[in-house]
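Input: a single structure, listed below in structure tokens.
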Amino acid sequence: MNGWVARGLARRAAALGLGLRVLLCFGLCLEIAPTPIQTWSPTQAPGPSAGSCPPTNFQCRSDGRCLPLIWRCDVDQDCPDGSDEEECGTEVPNGSPSPCDIMDDCPDHNKNLLNCGPQSCPEGELCCPLDGVCIPSTWLCDGHRDCSDYSDELGCGTKTHEEGRTMSTGTPVTLENVTYLSNATVTAIEDWDSVQSGNRNVYGIIAAVAVLSISLAAGILFALSRLCAQGCLAPLGLLVSMKGSLQPEKKTSVL
């Protein structure tokens, strides 16, 4: 009887151990099994039909998407087929770049962007060449900067006041040559920089000569002091001894 009970308990223990092993293995397998990564791939919505973009937009040829017109010919491909960068930088028949084509044909200046866009200054007003701001013609050569590039004050010269009227004695500035005043501003700044550079060179030469003169004078004074210390004291001692030798004779003659 006892043996039968012992065998039953052993079977139950073995079955329980097997069940625990199965559960443990199942849990480990769940932890080790890689979780599939779900990736999301955006789907391109079908673009609008041809000719459906507003006049202020550009339509890509491949998918028909609408882009801002300023994105065209900006040296950055925005359409998948690159149609927004085609036929850019066209040239006029004489071979020079076309102005106002949004292409930077002058990397160091904004010459090809001058006078671009609508120039609708009313009569009696002038247009600043750099930013296109309209100013009254009476503000020209009034001693106050009204254009951001100082073009309204270039070529004015000195002014004299006679009978309440302001007169310019310099070169007259007209509407035709105001366009080129920004270039004169750059040239004047470069000339002023060269003048300042020349002045700095002159100041450096003067300072070097001054230092050299001071050093030479100090050397001469030092040499004279050494010579006096060695040779100038001997005559002084000789005079003292001669004075001592003459004093007894003087006293004897008096007696």
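Here the Cβ of each residue, glycine as well, is placed from N, Cα and C on the backbone.
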Practice task
From the candidates Cys121, Cys127, Cys128, Cys134, select the one that Swiss-Prot records as forming a disulfide bond with Cys147.
Solution key: Cys128
Practice task
Annotation N-linked glycosylation site in Swiss-Prot: match it to one of Asn94, Asn183, please.
Solution key: Asn183
Problem - Disulfide-linked residue for Cys73, taking Swiss-Prot as the record, within Cys53, Cys60, Cys88 - result: Cys88
Exercise for the section: For the disulfide involving Cys53, grab the partner from Cys60, Cys66 as Swiss-Prot records it. Expected result: Cys66
Exercise for the section: Go through the binding-site residues Asp84, Glu85, His144, Asp152, Glu153 and tell me which ones have a CA within 10 A of the CA of Cys73 (disulfide bond). Expected result: Asp84, Glu85
Problem - Neighbour tally for Glu85 (Ca(2+) 1 binding site), based on other Cβ positions within 10 Å of its Cβ - result: 17
Completion exercise
Using a 10 Å radius on the Cβ of Cys121 (disulfide bond), the other Cβ atoms enclosed count 17
Practice task
Could you give me the DSSP helix, strand and coil counts for the domain 'LDL-receptor class A 1' (52-89)?
Solution key: 6 helix, 6 strand, 26 coil
